[in-house]
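Straight from TrEMBL, the features:
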{"type": "DOMAIN", "residues": "60-138", "note": "domain 'Cytochrome c'"}
{"type": "SIGNAL", "residues": "1-23", "note": "signal peptide"}
Amino acid sequence: MMKAIRSVVAVLAGVILSTLAMASSNSDEAIRERIQPVGSACIQGEECAAASGAATASASGPRSGEEVYNASCGACHGVGVLGAPKKGTSDWAPRLEKGLDTLLANAISGINSMPPKGTCGNCSDEELSAAIEFMSKF
Ligand code: HEC
């Protein structure tokens, strides 16, 4: 009788232990599952880092008209070197009559002593246009 009880207890204990073991392996799995999204978030994070790097690059992309002017155009257009229309003066009046599109086209290809792209080789059309607008206001 005692033997029978002991073996029942042993079986119960075995069931309980294996249930606990399963439970703990389940919770390990659960933990792994909970960790995995973090792991993939890390991978996504790297992609995100690259993407946000690109976003940062494009955010800092187009320079303002003032920046382009200061870096590339001011040397001539500040004081009117070689007859360049001076920034913020009525020198621009007859130029503006041609329309901004023509001024931009001439700035891109160069005109007389005005070098192509005003020496800003890596300037986009947008940046050149912003620089023209910046210096032609008077
Ligand atoms: C090396 C001197 C020099 C630099 C640098 C320079 N320019 Fe000029 N630019 C000139 C001269 C000279 C003219 C007058 C050309 C002419 O009409 O004979 C001129 C004219 C212009 C015109 C008028 C064009 C037209 O059709 O009347 C624009 C627009 C212009 N420049 C834009 C720029 C921009 C934008 C930059 C900078 C990115 C720049 N320039 C840099 C010398 C320069």
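Even glycines carry a Cβ here, placed using N, Cα and C.
Assigned with DSSP, the residues of the domain 'Cytochrome c' (60-138) fall into helix, strand and coil as follows: 49 helix, 2 strand, 28 coil.
Averaged across the domain 'Cytochrome c' (60-138), pLDDT for the predicted model comes to 97.
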